[in-house]
Every structure is written in structure tokens, then in C-alpha cells.
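Worksheet: the structure to be examined is printed underneath.
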Amino acid sequence: MAGAEGAAGRQSELEPVVSLVDVLEEDEELENEACAVLGGSDSEKCSYSQGSVKRQALYACSTCTPEGEEPAGICLACSYECHGSHKLFELYTKRNFRCDCGNSKFKNLECKLLPDKAKVNSGNKYNDNFFGLYCICKRPYPDPEDEIPDEMIQCVVCEDWFHGRHLGAIPPESGDFQEMVCQACMKRCSFLWAYAAQLAVTKISTEDDGLVRNIDGIGDQEVIKPENGEHQDSTLKEDVPEQGKDDVREVKVEQNSEPCAGSSSESDLQTVFKNESLNAESKSGCKLQELKAKQLIKKDTATYWPLNWRSKLCTCQDCMKMYGDLDVLFLTDEYDTVLAYENKGKIAQATDRSDPLMDTLSSMNRVQQVELICEYNDLKTELKDYLKRFADEGTVVKREDIQQFFEEFQSKKRRRVDGMQYYCS
């Protein structure tokens, strides 16, 4: 036994050992990822006829539109049919895009699936991703010169991809947030800072009454005073952090409202603050104006948002106009999210996905079905017994062992057929 353990140890040092469970789990994970990205897109029909598709899997062809040419994007079906042998950049998914394949941007290629297309799609938006460059560092992915392992995260607004270390704030664990808005988009859509104080995952804590907020992050900060600040006295106090802790900024808003008994108590101060907030909301009917009534901190960082945060955005007439002016109306569309797209793909795949074994059985007559089931049971039993020997001895199963098993199994099968043995063993 000791000798067997020693041999197994030497084998494990020479060869990477991967369990069958690991292989199956990795295969299932890759299949699920592919289904999530591609399942919501048609792999056989060009999407051009659908107009600007709300969200679809996209590719850019470096062979047809290299850097220096006009950027162009192609749908999933065209990536297979028209660009199968070309060098492609996988763009994951993008919103409101119409397939460019074969239009005027492609000098020597006509779309095989739908050749009759307009010269250009004026509604499409392009960025450096279409030339295989990502993030503010404008590097390819994967980057052969980058030795730092880092997750790439897509901004929900501009849809560019960013290295986590280039976002100005350390990303939370991937399961702790659903979407990210990059630094540039937070500057352009500055109204989001009002929501970030309440919703963003980068916010560390909000104490009982919402008057004291501790926000942790990296980057410059700008204190935004309340818009109805005539009756408020706002002060910014910076605490000296304890050694080994991150910098923490403490913002405290003091109310100088009409005096009341025990006005120095926290509960009375909370009541006054909430009443003023409710009055502001009832007058304007705008969630954003209510949030802007509180003191905020704007920082030069990206922000990370939880599941369903978009449903908290105000949809009053003024805010909807603002979203339109900023070209971010999609933020109010629950079906715009990548998660919604992925769920749509998973449902479609689950509906279409068939069991190969059951498909094969259904095409056979009764005798053939019985024979196939018997063969399957024989294979299952013998393979289990064969692998059990390796487990008992503590040795690693190699490629040659599996090849040997199937050779022996086929040999036994031939002997059974030659002997006219028409029953299950």
C-alpha cells in the first residue's frame, strides 16, 4: 500500500491531476456561459431585419475592418456564416445595434445571409472595443504583456470593458454587485451620485437616520450641498483614520429648523429631516429632488450597483426628459440589463435543448431500443468497475487507460455478437 501511495505521489508530481467531477463541472460552467451570451441571439439568421436589436451578441472582424478602417459590428449568425475563418473580436453583448455585415464598411465582402442592406447604420455606436482595445489603458484582452490577473468589468452605460484596478475603487466581490458605472459615465450622468449614496455597493454604511454617511473609496471627492440648503448648515468633518484602516470621510448635516422641545435629541432631528424630505417629495413628486435635498459626496470613481437598482430611479416627466437628453433612457428599461438578456437565452436554450439519447431512442424500433439500453447498462457497469480499481489502488487514470478500456469493451462486444448472444448480460 505504501508503494502504491508513493507511486501515486510521484505521478501527481509529474502530471496535473484533474478529477472527473472537476472536468464535468468546468464543462457545464462553460456551456452555461456560452448559453447565457449566445442563447438570446439567433445563430442562423442575420439580425439586420430586426432593426436595432435591444441587446445581442456582437463581434468585430479584424480581417475585414482592421484598425485604421471604419469600425463595424456583426451579429452571431454572420460571424459563423460570413466570417468563420476570419480573426474576430468578441464584444460580448451590446444594446441597440444593427448588423453591419456586408455594408459599405466591408470593401470586399457581401453578406451571405442578407446581402440587401443600407450602406451604413447611422444609429449604431462604436468604441475602441471594435478594434480589440478595452479600458482607459486601451489594451487588448487577453493582454500578452499584462502579468497581473484582473477581472474585466463592463460599464452598463458606455458598455466599454475595464480592468478592476483602473476603476478608481476596488470592485466588491462579483456576487455582491450586479452592474457597474465607470468614472467617465458617472461624471456625464452626475445625477447618479444622488442615488449612489442610498443604493451603490461602494457605500459602506448609512446610520439610523441617514444624517451620517461613511463612504469608502479611492479618488477625489466633491461635497455637494443640498439644493434646498437655505435652512440647513452643512459641515464636512474629516476624521483621522486609525492606523491600518482605509480613509473614511464623515459627512454630517445639521438641521437648524424651528425650535422644538428636546431638539438636540437625535430622534427629533430625524423627525424634522424626514418631514422636510416628505414635503419636498410631495411638492415635486420627484425622487431625485428628494435625494438631492440631502448632502452628497461626488467622487472620481466608478460605482457598483446591486440587483434591481434601476427600478429605484425616478420616472417623473422631468427625469425622463433628463434621461433622454443624456441618452440613457435604457436605464429605466428592465429588459435592457445583461441579466435579463442572459435569462432570455437560458429559457430559449432549455426549451430547444434536447436529450441526444432520447432523440436516438425515439428514432429506433422496439428491438433496437432494447439493444441500445442493454449496451448502455453494460458500458456503465464495466466502466464503474474498471475505474474502481484505480480508486482502490490510489493511482491516476491516464488517457492510455481509458483507451485500453474501450478497446477491451469493443472486443467483448464483438465476441458476444459472434456468439449470437441476444440478451443483456
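Glycine too: its Cβ is placed from the backbone N, Cα and C atoms.
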Range among 132-188, 303-359 that Swiss-Prot annotates as zinc finger: 132-188
Lys105, Lys117, Lys203, Lys252 - the residue Swiss-Prot records as SUMO2 cross-link: Lys252
Of the residues Lys380, Lys398, Lys412, the one that Swiss-Prot lists under SUMO2 cross-link: Lys398
Swiss-Prot annotation, SUMO2 cross-link - which of Lys54, Lys274, Lys283, Lys298: Lys274
Annotation match for phosphoserine in Swiss-Prot, from Ser205, Ser264, Ser282: Ser264
Rounded mean pLDDT for the residues that make up the zinc finger (132-188): 94
Cβ packing number for Lys398 (SUMO2 cross-link), 10 Å threshold: 12
For the zinc finger (44-116), the number of residues DSSP places in helix, strand and coil: 10 helix, 23 strand, 40 coil
Secondary structure content of the zinc finger (132-188), with strand meaning DSSP E or B: 12 helix, 12 strand, 33 coil
